[in-house]
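Colleague: Take a look at this one; I'll ask things after.
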Amino acid sequence: MAVLCFLILGLFSGWAASYKKGDNVTLYVNKVGPYHNPQETYHYYTLPVCRPDKVHHKSLSLGEVLDGDRMAESLYVIPFQENVDKKTLCKLTLSEKQVDELREAIEELYYFEFVLDDIPIWGFVGYIEESGFLPHSHKVGLWTHLDFNIEYNGDSVIFANVSVKDVKPFPLEEGAGAAVAGVGVGGGSMTVTHTYSVHWYKSSLPSARRAERLRDYSFFPKTLEIHWLSIINSLVLVVLLLGFVIIILMRVLKNDFARYNVEEEGGCDDLDQGDNGWKIIHTDVFRFPPFKSLLCAILGVGAQFLTLATAIIVMALLGMFNIHRHGAINSAAIVLYALTSCVSGYVSCSFYTQINGQRWVWNIILTSSLFSAPLFFTWSVVNSVHWWSGSTQALPATTVLLLLAAWVLVGFPLSVIGGIVGKNRAGSFQAPCRTRNIPRQIPPQPWYKHTIVHMAIGGFLPFSAISVELYYIFATVWGREHYTLYGILLCVFAILLSVGACISVALTYFLLSGEDYRWWWRSVLSTGSTGLFIFVYSVFYYRNRSSMSGLVQSSEFFGYSLLTALVFTLMLGSVSFWASLAFIRYIYRSLKMD
């Protein structure tokens, strides 16, 4: 519980501090990285820049560490409400190697991130200019002067940014052995003087609403603008699907009931064996499937992610993920994943017991490792790449031990407790019809009823319902924007689950109409294949909608895209299975009662 409390502390940070005039407002340097590779970040002090003799790092929350933050105190002195005019920060003598490092960083469009009172400040390390074809001109310059523009209201900082509008870049020539802009260089070195200015501006925005000011600011490209198109597209699709399932399918079922129940008396066992359709397989439709433990583990973990996703969206709607709370959503995801482990254990072991599963201990272990094992393997590969490249995205050993302790001391024990409770509280499997010992032979099926076809249909339709909104989500997750329209996200999430359930019911009916009773795994795979479409879309997004490149960014993007696809597969597979089970119980119970 101590570990859990430590994790929760990361959710409640980011409130505006109070200052008196003249108080020093600490400016933290954080990270640098290529502009087009959001997850490839390095510590700011890895560049040859002004730095204190002894670097003091800020104590960070778990979410900030997971987000790649490594904040350290800077040499900037910023007194509250007092302007500073071109103050010298430091003088640096750069070696030829250090000049080459800066040139390479500028040519790769490195940006820097500072943090002042939990407000991120972004800017470019330098300036690059390409001009002309013949003769070709290639100029690289370093920004050696920064203008800080800070807005305040009362005793609180509202907003801050950095500007180089009226500043000329310091040219970095090839090598470091020539005179540059009148500054003497020689002996393989170059002397650079870094300066800064601070300008304070009064703002009418109260500190409680300062997140709005940051949300309206745009250093990175803005893409989160058109959302209603996604909602309208998804709503139309849902209406059409619901109309298909409720009107067409129910009318077909009504005709089936009328035909099957003509002069029928008694239960399902007395039905005419000479008929055809879904009625004739009533003695096999509730025959338990193979690989029971794996099926139940999928249902359990899917239920866990349904709970986790709903909880995160609700917390976001309650305003718990303020823009200034760095990494709060990461901390929330870790805490909720550990706490909802009891849901996966309960659902999995309860249903496993209902379908006469005997190895319930193995079922709990499989449920606990179904997602955590792929997550650990993927993280190990991605973290190794970050560690090899020196990126701040590589987690420190203490953070790794903390996360491992959270799973060992909280997540896994809750899975076991949930499994034991589920096993003890599980009743009998509610099947309206008795299953016979000898399975019925399944007739040959047409090509459009094969598993691959159902997976294509069942995966594409839910994907199309969220495809437009998915672009904005990708732009947020793999960009630097803050997603704030959580109400729309909740609507899209509900639409996704509704479409998945409707498609699963329709495909299950078509399967049973062909006298094929193997619906258990088919219902999971049909809609669960949405994860495959999402991964294919992630490849498309990487190649055509982003400018990401390099081993570091690619390994993280595709590694976590695979995990995202797995999450959607488990979540939607669970929803489609329960929808199909409820539908099958309804039609056979109605048939028996008639």
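From the backbone N, Cα and C atoms, a Cβ is placed for every residue, glycine too.
Those TrEMBL annotations? Automatic predictions, nothing curated.
Taken from TrEMBL, the feature signal peptide applies to 1-18. According to TrEMBL, the feature transmembrane segment maps to 228-250, 294-321, 327-348, 360-382, 394-421, 452-474, 486-512, 519-542, 562-588.
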Colleague: Of the listed stretches 294-321, 394-421, 562-588, which one has the most C-beta pairs under 8 A with the transmembrane segment (327-348)?
Modeller: 294-321
Colleague: By a Cβ-Cβ criterion of under 8 Å, what residues six or more beyond either terminus of the transmembrane segment (486-512) are in contact with it?
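Modeller: Counting only partners 6 or more residues beyond its ends, the transmembrane segment (486-512) has Cβ contacts under 8 Å with 227, 230-231, 234-235, 237-238, 241-242, 244-245, 249, 252-253, 277-278, 281, 285, 306, 309-310, 313, 316-317, 449, 454, 457-458, 461-462, 465-466, 469, 473, 518-519, 522-523, 526-527, 530, 572, 575-577, 579-580, 583-584.
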Colleague: Pairs of Cβ atoms less than 8 Å apart decide it: which stretch in 360-382, 452-474, 562-588 has the most with the transmembrane segment (294-321)?
Modeller: 562-588
